[in-house]
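Colleague: Reproduced below are the annotations present in TrEMBL:
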ACT_SITE  A:43  active site, proton donor
BINDING   A:36-43, A:153-156, A:182, A:190-193  ATP binding site
BINDING   A:67  beta-alanine binding site
BINDING   A:67, A:159  (R)-pantoate binding site
């Protein structure tokens with residue numbers, strides 16, 4: 001069935017309230033997938049999971065200006081609402097919330113949600129203000145939809161960690177559900193930005209997933225965080241078009257550096273190995289989340 | 001009837017959910033009054049109004065450490081839960097949420113809600129970080145209670161403006177209801193901090209309300225913002241124990257300075273005339289909210 005498209009906060013709230021009233025509480029759960037649109041199979045996996053786990057699934061499509069820096073790709077960010085709605089329909093989405101910028105920011109905004117520490121490394125270092133923009137818009141969207149569960153892809157592992165931490169710290173009544181990265185058959189992590197890649201860049205971009213695939217073996221060998229970083233850089237560096245921004249191992253979800261020189265296989269809990277690499281003007285990220293104590297077993301496998 | 005006292009977020013949520021399930025939606029509204037306890041008749045007026053307007057009234061009592069500066073009165077802030085609960089009972093409160101600091105901040109907090117501009121003048125200037133602490137704890141409490149309406153006294157007019165603006169900017173599904181200041185028969189605005197005043201300070205503290213009472217007449221005479229400030233300072237300065245921190249007129253709720261030299265009677269909309277004055281180590285605030293175009297008519301009268 002075709003989802004209903006809503007452009008205003010008031011309309012969306014009315015639809016969700018009507019749904020909640022129509023069901024007994026145990027069958028009235030609402031699942032939510034916030035996106036910037038231009039959906040791919042990664043988003044589809046979140047939407048299908050939400051549709052399986054909830055009575056109502058809400059998709060938001062909003063290219064959020066306040067999370068883009070002045071020299072970033074806001075204007076050229078790809079958009080195709082018609083295709084997005086068709087994909088949403090096939091995934092069991094009930095409501096699509098696609099507001100204008102004016103609807104989301106009707107007046108001069110003076111309120112910002114800031115998450116410290118978890119935002120400082122990785123993408124936070126090179127994109128000042130980016131995660132304030134993400135945290136603020138996600139707080140707004142969660143307040144608008146008031147879902148029982150919200151689904152975030154682990155391709156943006158730092159973003160998922162930030163949102164989970166914000167929801168905890170602010171006592172938001174929503175469960176933040178992290179979901180595994182979806183990949184092309186050759187290993188490239190799905191991203192709306194992949195469309196920017198030339199054929200040659202697309203080929204060389206495989207160095208991200210290829211190098212990450214070797215991480216469990218390297219950890220089993222006993223590499224430290226700095227050795228792992230070096231090996232990743234060397235491996236990716238073989239692709240001449242790749243400009244590495246970071247290649248790092250951090251504890252998850254706190255995103256703190258593990259003990260410098262010690263072998264990573266001794267790390268308790270989860271370890272995030274994360275990459276950001278530019279190909280021309282296109283910035284790609286990818287990562288693997290591992291349990292080093294369990295011999296590098298992938299921490300989050302596809303459901 | 002005695003209200004139920006709840007110490008944990010989980011227990012409080014359970015009680016509120018049970019209430020909402022027990023009523024048809026139109027009778028299931030929840031009203032909320034967040035406080036730091038040591039309740040006085042000002043709080044009581046908020047609680048009675050909430051009880052009149054809602055099916056369930058929740059009072060929170062929490063002395064929030066993150067809104068106190070390092071040299072402020074956190075440790076000696078007055079507390080008397082037993083008396084507070086008795087007063088709450090007489091006002092029709094159903095649930096009292098009185099969490100520990102550990103329940104509200106169970107882990108290292110990395111998330112902050114910041115409101116800019118509206119927080120910069122008045123109390124924001126002398127209490128750095130104070131309003132971040134207020135905005136953050138109010139966001140947490142609103143997320144915990146999820147009330148239909150939350151009631152704030154206009155004695156802290158800047159706080160009421162900040163909370164209203166935060167709720168708008170973050171699309172919180174709660175109506176922020178500003179309520180008039182309650183005063184002693186002689187004019188002193190009620191405050192939990194009044195207990196700190198010596199008899200002599202208590203007497204001289206009347207200079208705040210006395211000077212504010214003259215503001216409508218001065219505006220009718222045609223004073224500018226700076227002239228008004230001077231007259232207030234002169235008037236309060238007659239009390240030798242008074243140390244004035246600020247005495248200012250700002251537009252409300254944006255808290256911007258009105259056109260410098262122009263007569264205030266020309267100001268469109270609401271005008272806040274606000275004072276902060278120290279007596280010894282006790283800091284008192286008071287204000288009047290006026291509609292200059294309506295000949296200084298009090299903008300918010302008691303209901």
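Using N, Cα and C of the backbone, Cβ positions are placed for all residues, glycine too.
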Colleague: Would you count the other C-beta atoms found within 10 angstroms of the C-beta of residue A:159 ((R)-pantoate binding site) for me?
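Modeller: The Cβ of residue A:159 ((R)-pantoate binding site) has 24 Cβ neighbours within 10 Å.
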Colleague: Roughly how many angstrom lie between the C-alpha atoms of residue A:67 (beta-alanine binding site) and residue A:36 (ATP binding site)?
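Modeller: Rounded to the nearest whole number, the Cα-Cα distance is 11 Å.
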Colleague: Rounded to the nearest angstrom, how far is the Cα of the residue listed as 'active site, proton donor' from the Cα of residue A:36 (ATP binding site)?
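Modeller: So the alpha carbons of residue A:36 (ATP binding site) and the residue listed as 'active site, proton donor' sit roughly 10 Å from each other.
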Colleague: Non-local Cβ contacts of residue A:43 (active site, proton donor) (under 8 Å, 6 or more apart, same chain)?
Modeller: A:33, A:35, A:87, A:153
Colleague: Within 10 Å of the Cβ of residue A:154 (ATP binding site), how many other Cβ atoms can be counted across all chains shown?
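Modeller: The Cβ of residue A:154 (ATP binding site) has 23 Cβ neighbours within 10 Å.
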Colleague: Taking the Cα atoms as reference points, how far is residue A:182 (ATP binding site) from residue A:159 ((R)-pantoate binding site) in Å?
Modeller: 16
Colleague: If you count other CB atoms within 10 A of each CB, which of A:36, A:39, A:182 wins among these binding-site residues?
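Modeller: By the 10 Å Cβ neighbour count, A:39 comes out on top.
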Colleague: Round to the nearest Å and give the CA-to-CA distance linking residue A:39 (ATP binding site) with residue A:159 ((R)-pantoate binding site).
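Modeller: So the Cα of residue A:159 ((R)-pantoate binding site) lies 18 Å away from that of residue A:39 (ATP binding site).
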Colleague: Sequence gap of 6 or more, Cβ distance under 8 Å: name the residues on the same chain that satisfy this around residue A:192 (ATP binding site), in order along the sequence.
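Modeller: Counting only residues 6 or more apart in sequence, the Cβ neighbours of residue A:192 (ATP binding site) under 8 Å are A:36, A:37, A:38, A:39, A:40, A:77, A:78.
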Colleague: How far is it from residue A:159 ((R)-pantoate binding site) to residue A:42 (ATP binding site), counting Cα to Cα, in Å?
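Modeller: A Cα-Cα distance of 15 Å.
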Colleague: Could you say whether, by DSSP, residue A:67 (beta-alanine binding site) belongs to a helix, a strand or a coil region?
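Modeller: SS state of residue A:67 (beta-alanine binding site) = helix.
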